[in-house]
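What TrEMBL records for this protein:
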type: DOMAIN; residues: 96-171; note: domain 'PA'
type: TRANSMEM; residues: 199-217; note: transmembrane segment
type: TRANSMEM; residues: 253-273; note: transmembrane segment
type: TRANSMEM; residues: 279-309; note: transmembrane segment
type: TRANSMEM; residues: 321-345; note: transmembrane segment
type: TRANSMEM; residues: 351-371; note: transmembrane segment
type: TRANSMEM; residues: 433-455; note: transmembrane segment
type: TRANSMEM; residues: 467-488; note: transmembrane segment
type: TRANSMEM; residues: 494-513; note: transmembrane segment
Amino acid sequence: MDFQRISFVIFIYGVVLLSLKFPAIVTAGDIVHHDDLAPKKPGCENDFVLVKVQTWIDGEEDAEFVGVGARFGTTIVSKEKNAQQTLLSLSDPRDCCKPTRKKLAGEVIMVDRGHCKFTTKANNAEAAGASAILIVNNQKELYKMVCDPEETDLDIHIPAVMLPQDAGTTLNKMLSNGSSSVTVQLYSPKRPVVDSAEVFLWLMAVGTILCGSYWSAWSAKETAIEQDKLLKDASEEELPNFGTGGSSTVMDINVISAFLFVVVASCALIVLYKLMRFTWFFEILVVLFCIGGVEGLQTCLVALLARWFKHTGESFIKVPFFGAVSYLTLAVSPFCITFAVVWAVYRNSSFGWIGQDILGITLIITVLQIVRIPNLKVGTVLLGCAFIYDIFWVFASKRIFHESVMIVVARGDKSGEDGIPMLLKIPRLFDPWGGYSIIGFGDILLPGLLVAFSLRYDWLAKKNIQAGYFLWAMIAYGLGLLITYVALNLMDGHGQPALLYIVPFILGTFLMLGRKRGDLKILWTKGEPERVCPHVRLESMEE
């Protein structure tokens, strides 16, 4: 393996470790505070909903903010046309923990969070004549406002909305100019049950694994044919040593590296979590993604164009540092580099996600062709470790870091960007809340390695589509990812660890079918059917 291929494989495996993420919906703010133990009761039984707060200054439309409605108070209208523009006023005192010093005539009152009960603030605001109350949190997250267990006979007739700290700061600046009139409009549009972005993202993930698996299986089949041709002409003493990879451009994952996945990936995730707030570090991530994307796009284009420009693809020239490079690669490289550079410059634009997805998909397909799982045992260890890793950093990390580390990294909360680039994303075009549906490379790559293994095994064992494992592995992955999106919608858009649902589906399918068909031992240990050497069979017949 030449220096270029070694460096590329090392880099790609690093990307695999760094990019294990999950589908999530990117919104203006996350809703925190686990209130599962706060039951609904009369006067405090609203569902938590996101609320749009549109502002106007002297009749000119201005900024829009996102808040969350309280468990108590009246419900907020869902249609913008039914929402009224109302004057915004500051509370006096600011926390509204005591009755206000001025009477209101139907204005929306804005108060600080303070230290008293949310229901106390709402009662004081309603008594002063306010039509709604906006409570500004002391943090940038959105906090679910519930009622205390001992509170009874709640009778609040105005809506209450929690706003993040940065929204409160902006509104305070608007109101600080006494000569300006600030009005707001509160409404809570409903999210569609199924957004087209999730459908297309599902198709992208499944299609990427499909392409990568067929390329990997085709390469393995060609290698096997070449081996069989050599075996027919070779004597027993002259048999070549093909090794376990079957090809010099293939890297097999072993059990040790699968176990190390959790340690290395966890360390990498912590580094991302701690350093992503620095602009220079995020720029490094963008550069690394561009390098991998260029290599992936170039490899896919060369493999595709070589079918029409075979002579150019098989003609090589020596390039310093890179060694022998085909003329086709030299012709394609400038386009790939330009594509990545243009994406890097315009990555935050409305169409930047297209370039990111193209670079990401070609990178994943290339990895699936180069990095391989040799048997089911290694695949089980790798996915098992990834399963634990995913669950820990999405859910359990909150107990240590007081927030979900993986969600913070994926969304880019501390970077000022729309998340790290190592993920596929599609804008939620028909969602009134906007944002993106995203899926991390790891949620495609890691299950994809096992799916690609199944197709290689089927082709080498000459199994048809129904008797093989590939079709059922693809169905298992598709169902697991589908269940992930169902859970995502049931959890109000909170990030879900996709491998929590995908791994049981795909491993369960392999283990069940392998045991039923009697192939489990071969799948678990060797990972490929035994091939009898032609000359050995001939000698046995002569005896």
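Using the three backbone atoms N, Cα and C, a Cβ is placed for every residue, glycine included.
Among residues of the same chain six or more beyond the transmembrane segment (253-273), those with a C-beta under 8 A of the stretch's C-beta atoms are 14, 17-18, 20, 285, 371-374, 377-378, 381-382, 385-386, 388-389, 392-393, 401, 405-406, 408-409, 414, 420, 449. Across the domain 'PA' (96-171), the prediction's mean pLDDT works out to 88. The transmembrane segment (351-371) is in contact with the transmembrane segment (199-217), judged by 3+ CB-CB distances under 8 Å for residue pairs 6 or more apart in sequence.
Long-range contacts of the transmembrane segment (321-345) within the same chain, counting only residues at least 6 positions beyond its ends with a Cβ under 8 Å from a Cβ of the stretch, are 2-4, 286-287, 290, 293-294, 297-298, 301-302, 305-306, 309, 312-315, 352, 355-356, 358-359.
Under 8 Å from some Cβ of the transmembrane segment (199-217) lie the Cβ atoms of residues 23, 303, 357, 361, 364-369, 372, 424-426, 437-439, 443-444, 447-448, 451-452, 454-456, 458-459, 470, 474, 477-478, 481-482, 485, all in the same chain and six or more residues away from its ends.
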